[in-house]
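A.B. asks: Structure below; questions to follow.
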Amino acid sequence: MLVAILAHFALAAVLPLVARRYGRAAFVVGALAPAATLVYALARGGEAVSGAPPLETLAWAPVIGLEFTARFDELALLLILLVSGIGAVVLCYYSRYAKPDDHRTAARDSALLVTFAGAMLGLVLADDVISLYLFWELTTVCSFLLVGGDGVAKRLRTSATQALLVTTLGGLAMLLGLILLGTAAGTMRISEILADPPSGGIVTAALLLVLLGALTKSAQVPFHPWLPSAMVAPTPVSAYLHAAAMVKAGVYLVARFSPAFADHPAWWIPIVVCGLWTMLLGGFRALRQYDLKTLLAYGTISQLGFLMVMLGAGTWMSALAAGTLILAHGLFKSALFLTVGIIDKRAGTRDIRELSGLGRQWRGLTTLATFALMSMAGLPPLLGFIGKEVALEALFEGGTVDRLIGVGVAVGSVLTVVYSLRFLRGAFGTKPDMAPSAPVPCGRVMTGMVAVPSLAGLVLALAPSVIEPVETGYADRYGKDPGYHLALWHGITPALMISVGIIAAGVAVHRYAGVQRLGGYVPGPLRAQSWYGRSVEGLESLARGVTGRLQVGSLPVYLGVILTTLVVVPGAGLFSGDIDFGELRLFDNWLQVPLALLVLVAAATSLLARRRLTAVLLAGVVGYGIGAWFVVDGGADLALAQFLVETLTLVVFVFVIRRFPPRFIENKAYVGGRWVKAVIAGVAGTFVAVLAVLYSGYRGGIPEASRQYIERAEDETGATNVVNAIIVDFRAFDTIGEITVLAVAATGVASLILARSRRRNGTVGRPEPTEQDATDDTGTTETPEVRS
Amino acid sequence: MTFLVALPVLLPLLAAALSLVAGRSPRVQRLLGVVVLTAIAAVAATLLLRADSEGPVVLRLGGYGPPFGITLVADRLASLLLLVSALVTLAVLVFSIGQRITDFGRRTASTAFHPMYLVLCAGVSMAYLTGDLFNLFVAFEIMLGASYVLITRRVTAERVRPSMTYVIVSLTSSLLFITMIALVYTATGTVNLAAMPEKIAALPAGVQSSLALFIVIVFGIKAALVPLHFWLPDSYPTAPAPITAVFAALLTKVGVYALIRTQTLVFVHEDSWAVLLGVALVTMIIGALGAIAQNDLNRMLSFLLVSHIGYMLFGLALFTVIGLAGVILYVVHHITVQGALFLVSGLVTRHTGTVSLQAMSGVARAYPLVAVLFAIPAMSLAGIPPFSGFVAKMALLQAGAEVGTAMAIAVTAGAVVTSLLTLYAVTKIWVGAFWGPPTEPLVDDDPNDDVTVGTGSTSSAMVGATGGLVLISVLIAVFAGPLADMSERAANDLLHDEGYRSAVLGEGNG
């Protein structure tokens, strides 16, 4: 099966080339991949239902748990029927739906749809959580690009983005949940996790996270608004992604994990509650739609809720119902979407207020659509009816909770009947006060493609034994087979009576004119769409608030934060253990005392200086003071170097400072800022000094390296000066580096000066960059030249 | 064979000197740069194979061994990063050459750029290869010195201030670095990294952790960990695209590498590392929020860079084999992807004439190839499968879940949230810049500076270099298996550093 997945991607890669040459025929070429997959899957169907499903693996990066595993079982087979079957139908349909001369769109959409088909195939076959997530996100990305299309219209962009963000939110939550679940179970293989489900607090959290993925992907309340928004996509895309395949991914995920977790309250309660709510809300909202496609979108939301409820109920019968309904829904809903595509394309509108008399013009299409609508409404002799019978049987034969759920499902089903009738009348009916739409052909190929899923719903209902092994095979994971068989006629059962009641109620409500005004109304604040808008707005303003407060653009603040962190973090580390200062000697030589005082006072005063020259001179005092210290400690050569550098720096400073204003520019906004800076600098300096004193107490004697430098300098390098030996011999590599830095600094200064003169000679007149720009009240104008 | 270890440092230094001399001959300069960087990549590949099969390749410079000579060490981690960095610097150089030829013609020399760029590469190589703390400081100085020149080159009035922010914060970090070396030498009496752990272990716990955290802060400034990161988004975006690309790809990563090297080799893992997990979480979230708040394409990418440094710290703080393998994969992935994104930003800016996301529109329709070159690294950065970021992220998430402490799980969740925020940010770029109706490019408001924008003119060298980086990131994903194996072995080396230490210290005192 892995080969089939790869074949999809390989084919998708060459489709743009095909489209460039042959235009929309690329869609038909693309259909080969799913069609072949369907044939292959059916041929191997026996293995899938055998109880020992074939397993294939392909290593990617096994060390970090990345591998592809495909497990071809009944549930996978059931979904492949939809994914590949409907996929092939939709691609063929699209080859007539697309504009003949728009090769660009054909290239993009054909490649994306086939990629999507491959990803869906991978998704339903995946037997390890990482492959599952991988294909899951791949479908999301394909959906984003397919809905966005060329991205020129704003509506396309916002809808695509909403679908992406909502489903990725869920997808990432699911990923985290799956990883936690896998870690708790000690395996990332789904079949192994399900065979021996883990338990514990972390598993509860993990299940909720996984559910978040399922609920967002399958457009369950309160995440559903992305689905009606996504109806801006081309109709074949909607038929495939938003009816048959992608939105089923969430249902599939629940179907996959329910056998192991159906009894876990954190699993079934959210599923049933959200599912019922979704079923009712979706049906209710569909009642007021004028756009046929949006009507179907709400219908899909409602039906997906129904499927969730049946899976959450978690019994053999409910699982059988869910399996049957997954297939039935995929068939009738794709047929209806494709019908809307024909209406939209040929009649020029899909608004039911502008359509009239199409039923008489297009008898064939009307018949096919009616079959699909009957299946949706749960009328015999169609697959939808069989599924709904099982569902009602499952719920009303159960306990109190199941019966309560059953009542909800029955109400939802009444709404389904009502909006099915609304579709039938709205799309094909002849309205007395309207002129019939202009006669146009409905297209033989496109109608033929509607016929495939529509008639499949009829044929499978007449011969349900064809699919029964798949459906019961899946249901068997929930318990013992009670000996129930899929059939159109079970005798006069309570379920049948309820079905009749539902249909009668639906027809009655449809006749009641007030439903137009009442139906579908939701008060503004309760609309989920506005919550999406508010969340995005909230995120943006949070980001602006946090960033605006932190990223203030002031260098002194940044430096202050760095120094504060320097004191706080290692300081906390230091005091986490015992510290021992050992024996402290205050000074070795009494001369050190006045020198230390001099350096300290000069350093402190330089912070408070208001004139630049004063600050520079005081900094010089610090340097000379330290040089004097070296003399006292016996490092005469070191002192010499220090005095030289100090003098040179001072001279350079004096030259540079002549071009500056004599005083630092006082920033009035920072009254007291000077003191804050002084305190931070003082504390940081003291902290480092304390560390130095403390650390030196832990060293036993002269380090090995120092000892060896002294011992070996003369013998090995011939130098009598150890420092020279280190610089030019022992550690010459460092010296090469330092020389490089020097050369770099010189080049940098030269390049700055050259750039300035070049600009002066330039023709474009603009203000000279002034030195003041670079100076603020930090008083630092250090450039590389100073460092060298 | 061991002399090979010195080549990645010496070759570019030598070439830089020649390039400086050949300042008036642009062809020689270009050729030198490309040849030398290609050679480094070849050497790095050789070193990687050798280190993988026979253990670390050690070179004692001047024949002086530890504790007083300098050693260069090419182990798996160092040579792997060296290889990736060489490829990225090569791509950026080609891009840069292409850009200059497009703007100023074949004959215009750029005296300073080529030598400085090569010096920067030498500094980066040295930082990876050195086994000596003081030499690491020198490597940083070389790298930073060259970066100061590159960022202030042809500086305009508006760019002076951000450049100075960069220079001053970097100087502060250098100051703290040299202070840190003094402290380390005070406490241990050695600057050789391999000789340090033994000495450190003898110190009391408080001293050990204060020293470890001091080092985290020094390298944290370079790596741009929150709250030490403020300088980065303020300074990077103002430099020309290739400069920003190489800074973003490499300089922060060298900081991360130094963190990994010191924290694994020198210090022992202790409970106080929960602090690092916290810092990782804050870095990821603050960076991502910062990105969302931006309207400037380059500033947004810079904040994303900060955010994703958090992932690398996350894996390091977990301190497990898979966690560290994840970090190594993440660094490798991020070097290529972040470099590619800034190069794409350069292409986009040339086509649109602006960095403002609100002002640009319709790039995908006008330049589909640029759109593809953006989409792949962008998705990779957001961790969308099956690209390189996904591979690295999966390792980190699994490592976090396996450690399983409350803090580790919290940061794992934070990493997932950051993925979503990153996706949100790159979607904003995609929707704002690439979708929508195509617009006329804005006119370059400053034709005198180093970047010509809004001309719509790009050369095949520029697009090819960007494509090359994107291709590398795709190959990282395709060959994730061998790469992950290698990373896992490298991570094992880090956790069980006896191999490294005995290779360095082994044969006595040379």
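Just so it is clear, glycine is given a Cβ too, placed from its N, Cα and C backbone atoms.
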A.B. asks: Out of A:46-64, A:198-216, A:217-235, A:521-539, which range is noted as transmembrane segment by TrEMBL?
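C.D. replies: When A:46-64, A:198-216, A:217-235, A:521-539 are checked in TrEMBL, transmembrane segment belongs to A:198-216.
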A.B. asks: In TrEMBL, which of A:487-509, A:763-785 is labelled transmembrane segment?
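C.D. replies: Among A:487-509, A:763-785, the range TrEMBL annotates as transmembrane segment is A:487-509.
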A.B. asks: From the ranges A:22-42, A:106-126, pick the one that TrEMBL records as transmembrane segment.
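C.D. replies: When A:22-42, A:106-126 are checked in TrEMBL, transmembrane segment belongs to A:106-126.
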A.B. asks: Please indicate, using numbers and ranges, the residues of the same chain that are 6 or more beyond the transmembrane segment (A:445-467) and have a C-beta under 8 Å from a C-beta there.
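C.D. replies: Same-chain residues near the transmembrane segment (A:445-467) but 6 or more away: 85-86, 89-90, 92-93, 95-97, 324, 327-328, 330-332, 334-335, 338-339, 341-342, 345, 362, 364-365, 368-369, 371-372, 375, 380-386, 485-488.
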A.B. asks: Same-chain Cβ contacts of the transmembrane segment (A:319-343) under 8 Å, 6 or more residues past its ends?
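C.D. replies: Distal contacts: 75, 78-79, 81-82, 86, 89-90, 93, 97, 235-236, 238-240, 242-245, 248, 251, 255, 258-259, 292-293, 296, 299-300, 303, 306-307, 310-311, 349-350, 355, 358, 362, 365, 368-369, 371-373, 375-376, 382-384, 386-388, 390-391, 393-394, 423, 427, 442-443, 446-447, 449-450, 453-454, 456-457, 460, 467, 470-472, 474-475, 477-478, 484, 486.
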A.B. asks: Is it the case that the transmembrane segment (A:198-216) and the transmembrane segment (A:267-287) have 3 or more CB pairs under 8 Å, with pairs at least 6 apart in sequence?
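C.D. replies: Counting Cβ pairs under 8 Å, at least 3, so yes.
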A.B. asks: Using a Cβ-Cβ cut-off of under 8 Å, list the residues of the same chain that are 6+ residues beyond the ends of the transmembrane segment (A:404-424) and lie near it.
C.D. replies: 272, 276, 279-280, 283-284, 286-287, 292, 295-296, 298-299, 302-303, 305-306, 309, 313, 336, 352, 369-370, 373-374, 376-378, 388, 391-392, 395-396, 398, 498, 501-503, 505-507, 509-510, 515, 519
A.B. asks: Cβ under 8 Å, sequence separation of at least 6 from the ends of the transmembrane segment (A:487-509): give me the contacting residues as numbers and ranges.
C.D. replies: 377-381, 385-386, 388-389, 392-393, 396, 410, 413-418, 420-421, 461-462, 464, 515
